[in-house]
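Visitor: Below is one structure. I have some questions about it.
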Amino acid sequence: MTGSVEGASGDTGTDTDAESSPRAKRAVVAKRVDAGTADLSEISQLAAAAGYEVVGELSQTRTEDAAFMFGEGKVAELGALVRRTGAGAVIVDNDLGPYQTFNIGGELPDGVEVIDRFTLILEIFGQRANTRKAQLQVELAELRYELPRAEAKASLAKRDERPGFMGLGEYDESVERDIKRQISEIQAELDSIAEKEQARRDQRRDSGFDLVALAGYTNAGKSTLMRRLAAEIDVDENVDRHPDLDRTAESEDMLFTTLGTTTRRAEMEKRDVLLTDTVGFIADLPHWLVESFESTLDSVYHADLVLLVVDASEPVESMREKLVTSHDTLYERNEAPIVTVFNKIDRLAPGELAAKRGALSGVAPDPVAVSAKTGAGLAELRDRVEAELPDWERERLVLPVSDDAMSLVSWIHDHGHVDEEAYANDQVTVDFEAKPSIVARARSKAADIAATGSPTEST
Ligand SMILES: Nc1nc2c(ncn2[C@@H]2O[C@H](COP(=O)(O)OP(=O)(O)OP(=O)(O)O)[C@@H](O)[C@H]2O)c(=O)[nH]1
Ligand SMILES: [Mg+2]
């Protein structure tokens, strides 16, 4: 099926008159789908996030053309649209093969760049990578993108025993080897960063903290919710400093505003919770990109509880798709319980929330509805977090009053929740709740005190 899907008159190219951006930053977005109607909203948002001004749109419903991705007539139309709008780039929301990129470029005015969804995402990440880790991940993704291309060129050159075949030039095996060596070096450095982060998580758990991670599709409102739930003090040791650390920062309505990881102490009734905000999910990422950014999500995969945030102001079908993408991302590696959070309820019409809850009960059982903007539902969310976190154990220790005992009591205050602390007959009785590991450590400290002094009783 060949056909246009845009414009009432069958004219599939639309252009907006905009001459404000420099040419290189003016882009036409294009997308092909096998069936149905192509939705250009996400690719347009991604383009905007990378700093492009979208000056034209073009879409087509037909099977993939091997040479051009689109039908040839459509490519000619694309060329005309680019000329008319003075765009400097064409952004295609399909996975373009190297030849397709080359062929489309050949039909466009000189100097017009052809960018696909993945290189666009990489461009955004490259612009925003402001930590060592993020920079390494971007570099890794670029190399992984490059590798199969270099391999293909090297094997072509080898087969034909003509190193310069088809202008392959220096793309020989040494290029391929060099890319592989760089990949393993970067991987090693990322692994060592990941180890340090794991050690930091262990240390935080040992201090009695529960680790809660915010996850969800990009732009769902994770960072806004984080700022709402967080206490004043930052706990990050500046390792991943990025703009979201700024409490006064306004969240932008833009995809991938958050790339690094921020951890803050959350205000809860009982439990000491550290809340971590990180990069959002997006659908249809190729494996080389996902793999490169895998450790970005370690804080999610290793959390005690995951808050899966969804923008509830979107149409039900789009919410469903994004929930499925999010669950797919979490599925293989996440072990923690998941609480779904329907955010942005301030934007819903009366009755809409109940309808969406019903329609999405299969993918989002029992969601908590909130507005990170107005603060609605946050008390309920805090209660839910405390209820869903792995259970604490109860313990009662009776110790002879001594300096050691007093320091143990204060350690218990720091690491758990003391329900009662009573003094009688030179003895102190502490009734408390804490994580099982904390209770175990308190018991063994109490046993040590007992061994060195007066009797200790533990029930
Ligand atoms: N109306 C309304 N807007 C909200 C709410 N929560 C967040 N937003 C807006 O949604 C947009 C995205 O919010 P962020 O908090 O940056 O979203 P995010 O999930 O961190 O996005 P990424 O970091 O890009 O993955 C911003 O424009 C926010 O102001 C809400 O409860 N209601
Ligand atoms: Mg964010």
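Any Cβ shown, glycine's included, is placed from N, Cα and C.
Among the features that TrEMBL reports, GTP binding site is placed at 216-223, 277-280, 343-346, 371-373. The feature Mg(2+) binding site is assigned by TrEMBL to Ser223, Thr258. Feature annotation from TrEMBL assigns coiled coil to 133-196. Marked as domain 'Hflx-type G' by TrEMBL: 210-393. Summarising the annotation, TrEMBL assigns region 'Disordered' to 1-25.
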Visitor: Pull out the binding-site residues from the set Thr278, Asn343, Asp346, Lys373 whose C-alpha sits within 10 Å of the C-alpha of Ser223 (Mg(2+) binding site).
Guide: Thr278
Visitor: Check the binding-site residues Gly216, Ser223, Thr258 for any whose Cβ is under 6 angstroms from an atom of ligand 2, and report them in sequence order.
Guide: Ser223, Thr258
Visitor: May I ask which of the binding-site residues Lys222, Thr278, Asn343, Asp346, Lys373 have a CB within less than 6 Å of any atom of ligand 1, listed in sequence order?
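Guide: Cβ < 6 Å from ligand 1, in sequence order: Lys222, Asn343, Asp346, Lys373.
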Visitor: Might you list, by sequence position, any residue in that chain lying six or more from Asp346 (GTP binding site) with a Cβ less than 8 Å away from its Cβ?
Guide: Ser371, Lys373, Thr374, Ala376
Visitor: Since the record lists Lys222, Lys373 as binding-site residues, which of them has the fewest other Cβ atoms within 10 Å of its Cβ?
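Guide: Checked Lys222, Lys373; of these binding-site residues, fewest Cβ neighbours within 10 Å: Lys373.
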Visitor: Quick check: in three-state DSSP terms, what is Asn343 (GTP binding site)?
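Guide: Where Asn343 (GTP binding site) sits, the three-state DSSP reduction gives strand.
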Visitor: Taking only the Cα atoms, work out how far Gly216 (GTP binding site) lies from Thr258 (Mg(2+) binding site), in Å, as a whole number.
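Guide: Between the alpha carbons of Gly216 (GTP binding site) and Thr258 (Mg(2+) binding site) there are 12 Å.
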Visitor: Around the C-beta of Ser223 (Mg(2+) binding site), how many further C-beta atoms are within 10 angstroms, looking at every protein chain?
Guide: 23
Visitor: Lys222 (GTP binding site) to Thr258 (Mg(2+) binding site): how many Å between their Cα atoms?
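Guide: Here the two Cα atoms are 9 Å apart.
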Visitor: When neighbour density is defined as the number of other C-beta atoms within 10 angstroms of a residue's C-beta, which of the binding-site residues Thr258, Asn343 has the lowest density?
Guide: Thr258
Visitor: Can you give me the Cα-Cα distance between Asn343 (GTP binding site) and Thr258 (Mg(2+) binding site) in Å, rounded to a whole number?
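Guide: Asn343 (GTP binding site) to Thr258 (Mg(2+) binding site), Cα-Cα distance: 17 Å.
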Visitor: Relative to the Cβ of Asn219 (GTP binding site), which residues of the same chain, six or more apart in sequence, are found under 8 Å away?
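Guide: Within the chain, Asn219 (GTP binding site) has Cβ neighbours under 8 Å at Gln45, Asp253, Met254, Leu255, Thr257, Gly280, Asp311.
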